[in-house]
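Q: Dropping the structure in here first, questions after.
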Amino acid sequence: MDGSVDFKSRPARRGKSGGWLAASLVLVNQGLATLAFFGVGVNLVIFLTRVLQQDNAAAANNVSKWTGTVYLFSLIGAFLSDSYWGRYKTCAIFQIIFVVGLVMLSLTSSLFLLKPSGCGDGHTFCEPHSGFKVGLFYLSVYLVALGNGGYQPNIATFGADQFDEQDRREAHSKISFFSYFYLALNLGSLFSNTFLGYFQNNGSWALGFWASAASAVVALLLFLAGTRQYRHFHPSGNPLSRVSQVIVAASRKWDADKPSSSKELHELGSKEFASTGSRKLLHTEGFKFLDRAAIIQAKDKPTLQSHPWHLCTVTQVEELKCVLRLLPIWLCTILYSVVFTQMASLFVEQGAVMETNIGSFQIPPASMSAFDILSVALFVFLYRRVLHPFACRLTGNSSGPTELQRMGVGLVIAIIAMISAGTVEIYRLKHVCKACINEESSMSILWQIPQYMLIGASEVFMYVGQLEFFNSQTPDGLKSFGSALCMTSISFGNYVSSLLVTILMDITKRGGKPGWIPDNLNKGHMDRFYYLLALLTAADLVLYIICAKWYKSIKVEGMEEEGNDEDEIDDIKIDDLKVSVV
């Protein structure tokens, strides 16, 4: 009933397409692709310091910039998907780019960078590299970034497309899909963070990169194998044009008299919308200036269809309103991503200067993120099986906590995670052996487990909530854009983290001091950086609650009654959230 079609553009049949069979292919594809991506990303900071001989701050900044670029490319993928290619074609093309980048990275590393053989294990130094070889390395890793970035927002939405939200049973499955999607993502990275991370930490970088490339190839073939089973949506055209038309049409009618009722504004009939595969959006209050784009004037009547720059539909106006309402919420999630990105940079560097030996076994610092993944798996299960049913019984509402409320809880847990990381760093510095040659700390790396577990718990509330929220609150023609907002939140978080580290190092190195994050972390104060992030996230939480209270939900024709109920529930639960946070 949602307007989806099969691979031959015929109306999709529920029994012969989509559902959990198609979604399961997407979940396995996501797991394998994530394994391939994190086979590169999880130890990249170590590769840069050991193989390319970069210092700690430079390596952390380069990883943050690269990770940020990955998610920035998601906007390109979302635009092409929503405008021209559709989600299936976009996913296939960017996965091919992803495979090419991984193969190129494997060849570049094994042929040029890892000389002599076995270097990069923490004991054997690699030979100096020419600018050409380093350039090939960066070209390959940024091809990986382009392929994964363009693919990520579309595969999440494409998986959700396999369920009809206007069917009660499939609508429930669609909500569950996002939790399982995030779980598949983390289970895929579990293998990378443990097995591949172990081999790479011991100098087998080429083996790790080739394993990632093989995993990406299998993921692509599996995705293509399900072609006949998938449900598809036709692209809705360039959203930038539709948004621009609303702004231009509203500006031209800035002095027009507003009608007494929103029913007098221009809108197409339900049958005309059904033919486009999109659903009609109902008028909402707020941003009243934009409503002028849908005011019908005498000069518009003969040309309703031929001049969209003069007259827009209510649905077109509401698309722009939806985006404007989402932006404040999106901005508040960026600082959480600053906290999240520390797990791939400073957490790893912190673990590298702790006691990593457990008996005769050495724990690779990057492999500690396995505890984050286990925490995600645990809390996905706890939330779906324990916390959600308990909240439903407690509130008497079958829908349980809203996405906005869960995202707020994620921010609270992130604050606690940064306090935990800062406390561990204080005690690590107290256990540094000043008499040792390398000034090693006798504090075990296992003390990092709480901060990784807390980050994992916060992800279940923040990122799963984000995926559900942006997917449900964006119009049909902007679904991939909604998922891209989640990715770009992580992107800007990485860029803000890089900028923050650079500024703080410039400030704290004055007067000949080593700074908060020097090459020798035993002479720095990384604990202060963690506590600063906790303080900034607390301020962000206050701003987030204000924005969540102001937010108004999207209203889709046929679901308006449900939407109104959700508005009332959101108002109640945001108040509850403020009490819970206190």
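Just so you know, glycine gets a Cβ as well, placed from its N, Cα and C.
Per TrEMBL, transmembrane segment is recorded for 20-48, 68-85, 92-114, 134-151, 177-199, 205-225, 326-348, 368-387, 408-429, 449-469, 481-505, 529-551.
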Q: Tally Cβ pairs under 8 Å between the transmembrane segment (368-387) and each listed stretch (20-48, 92-114, 177-199, 449-469), then give the stretch with the top tally.
A: 449-469
Q: If I count Cβ-Cβ pairs under 8 A between the transmembrane segment (326-348) and each of 20-48, 68-85, 92-114, 205-225, 449-469, which range comes out on top?
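A: Ranking 20-48, 68-85, 92-114, 205-225, 449-469 by Cβ pairs under 8 Å to the transmembrane segment (326-348) puts 449-469 first.
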Q: Using Cβ distances below 8 Å and needing 3 or more such pairs, separated by at least 6 in sequence, tell me whether the transmembrane segment (205-225) contacts the transmembrane segment (529-551).
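A: Contact absent: fewer than 3 Cβ pairs fall under 8 Å.
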Q: Mind checking which residues reach the transmembrane segment (177-199)? Cβ under 8 Å, same chain, six or more beyond either end.
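A: Sequence-remote neighbours of the transmembrane segment (177-199) are 23, 26-28, 30-39, 42-43, 156, 159-160, 162-163, 207-208, 211-212, 364, 366-367, 369-370, 372-374, 376-377, 380, 383-384, 456, 459-460, 463-464, 467-468, 471.
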Q: Relative to the transmembrane segment (92-114), which of 68-85, 134-151, 449-469, 529-551 accounts for the most Cβ pairs at distances under 8 Å?
A: 134-151
Q: Can you name the far-off residues of the same chain, 6+ from the ends of the transmembrane segment (449-469), with a Cβ under 8 Å from a Cβ of it?
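A: 156, 175, 178-179, 181-182, 186, 329, 333, 336, 339-340, 343, 347, 368-369, 371-376, 378-380, 383, 403-404, 406-407, 409-411, 413-414, 416-418, 420-421, 424, 483, 485-486, 489.
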